[in-house]
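Going by TrEMBL, these are the annotated features:
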REGION    1-110  region 'Disordered'
COMPBIAS  43-65  compositional bias 'Low complexity'
COMPBIAS  66-87  compositional bias 'Acidic residues'
COMPBIAS  88-99  compositional bias 'Basic and acidic residues'
DOMAIN    144-402  domain 'BOP1 N-terminal'
REPEAT    409-450  repeat 'WD'
REPEAT    659-689  repeat 'WD'
Amino acid sequence: MAGSQGAGRTAAPSVRPEKRRSEPELEPEPEPEPPLLCTSPLSHSTGSDSGVSDSEESVFSGLEDSGSDGSEDDDEGDEEGEAGALDDEGHSGMEKTTEEQVQASTPCPRTEMASAWIGDEYAEDSSDEEDIRNTVGNVPLEWYDDFPHVGYDLDGRRIYKPLRTRDELDQFLDKMDDPDYWRTVQDPMTGRDLRLTDEQVALVRRLQSGQFGDVGFNPYEPAVDFFSGDVMIHPVTNRPADKRSFIPSLVEKEKVSRMVHAIKMGWIQPRRPRDPTPSFYDLWAQEDPNAVLGRHKMHVPAPKLALPGHAESYNPPPEYLLSEEERLAWEQQEPGERKLSFLPRKFPSLRAVPAYGRFIQERFERCLDLYLCPRQRKMRVNVQPEDLIPKLPRPRDLQPFPTCQALVYRGHSDLVRCLSVSPGGQWLVSGSDDGSLRLWEVATARCVRTVPVGGVVKSVAWNPSPAVCLVAAAVEDSVLLLNPALGDRLVAGSTDQLLSAFVPPEEPPLQPARWLEASEEERQAGLRLRICHGKPVTQVTWHGRGDYLAVVLATQGHTQVLIHQLSRRRSQSPFRRSHGQVQRVAFHPARPFLLVASQRSVRLYHLLRQELTKKLMPNCKWVSSLAVHPAGDNVICGSYDSKLVWFDLDLSTKPYRMLRHHKKALRAVAFHPRYPLFASGSDDGSVIVCHGMVYNDLLQNPLLVPVKVLKGHVLTRDLGVLDVIFHPTQPWVFSSGADGTVRLFT
């Protein structure tokens, strides 16, 4: 017990002075008069007492680091002392706590003095003032670009950015008024303006000029050589050599073995010494295939020089010598036209032959010919001219098609502009510049009726429906609907009933055209309805069903094309804008498409969706005519620059084939409704009939073969054939010309 108590007493003093020595600046100098300890009647001198009271210990307890080494030693000494005290006197933990509380409550002069000194220190603390420094720490400030604050202080409150409401005008005024504006910078941490001192400005200028920051630094001091030239007694390093310095390396052994294996396999070739002798070869030698130039497949060897003949001899025969007239003629010729480049001369002996004057020049030209003249082997292909012509079937195999003129329909006194055939093929209607419509019987060429219309007939179209007997004719600014009353009387009567059954609405709608009933006198001539447009009509065409007809007006703007509905007597303009002057329109035979041909293009519109489906580019200067194949997948158009263009709508918007058989402008093109035939009429007075077979197999292209050129029309006023149309059931073609006749070719 005594030993442990003594150990406890001797262990504590060895630690306490260290602790008191560790904070000398916090403790005032000791005075000899006051006692170090404040005695109390309740304090007992136990083994844990180390000469410093608990009250004094409490003063320093708030100023020392709890994690220091001295505190750990104190804890160990206190534990030993407490163990000895418990063994010796048997105090309980509760009693000791009571003693410490009483002892700490007892005042002591030293405690009062220390607390007063510490109070004076905090009296001068300026922590309540606003700290202008940014205490957010080493944080990237771009994190706070989108926020009004720049960080947080120790209490978790936001540090707001300084309000900078200064615009460029304020900055300019500061720049003019403030003489220290040039040395004012902005602190990125706080956002405040700082004025650089003279020392800082001088430091910045030194760094900008590439000098050292320290003024007193001399970069040109003499270098002190560590290894001097004098032989020293002791070595700089005396480390013994490594073991690996005298043992063969395993890594190098592996590398060498790889190289040896690569040399054995032939992957690494040994370096052969280069041959220093230059490699010359004869340019015009007879090349063998193994030579350098012989390896070029297209190389042609240089031609040899011609061997000298009798004229180049020093003693030529007399017939090779030129007479005086021949010599004068030779001198007057151009050098390229002369047969010989020299004058033959005769010398008595070889010793008397002088030096050749043009020797060096000819050798130089020969060298230029050898290495500057391009020589290339031309691969000539032997082709028979017959092989270049495509293999087309014979026209005899493509019959039937019209071959000869059968009938001539005479009666018009001026050029016949337009034709149309009835759906049954029995009647023919023609319009002329003489101001009349003529109805013909096809089989006999007899004019059945003549209807005077009082103007030039630009276009005529028979209604394709077999249940309706109606003809539409474009005369000046009107479209006339006539009932010719030919053929079946029941069909003609039902047509009149259909037209008279229309009941006009109470409020007539606003339309681009006016529908007018014919007068009684006009009805006697066959006229039933008149559609007035206000602009000249150039073309009229029917839809396949027979209820709609489209007209083309000679005007500018979006109202060039109008569509009329016969049953409801309504007119509409399908387009909102114009794409150029419209030449022709045509309805698709099977689908709700409308083809509109302008001067340079053909547009395909979907009438139900009201959108542009395709734009065909004919590559022609001026489109004149348009026709659609009965199947609907192919289109032909003629042009005034004598081209006929075939389009395959499933293939491309570019022409599939362009035919240039005519010599002059094309006026009309037409497809046959049943046979694989199409025809074109031109101002050269001819009608060319072509075989145009369209296959059901989509992978097979159409077969286009011209089969016959039909002539018969006489050129009048430089105009030939003006319109062409096929018979609906027979392989016959009708043509109208400027000579005032209509001709049938069968």
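Backbone N, Cα and C atoms are what each Cβ position is placed from, and that goes for glycine too.
In terms of DSSP secondary structure, the repeat 'WD' (409-450) contains 0 helix, 25 strand, 17 coil. The predicted model assigns the domain 'BOP1 N-terminal' (144-402) a mean pLDDT of 84.
In terms of DSSP secondary structure, the repeat 'WD' (659-689) contains 0 helix, 17 strand, 14 coil.
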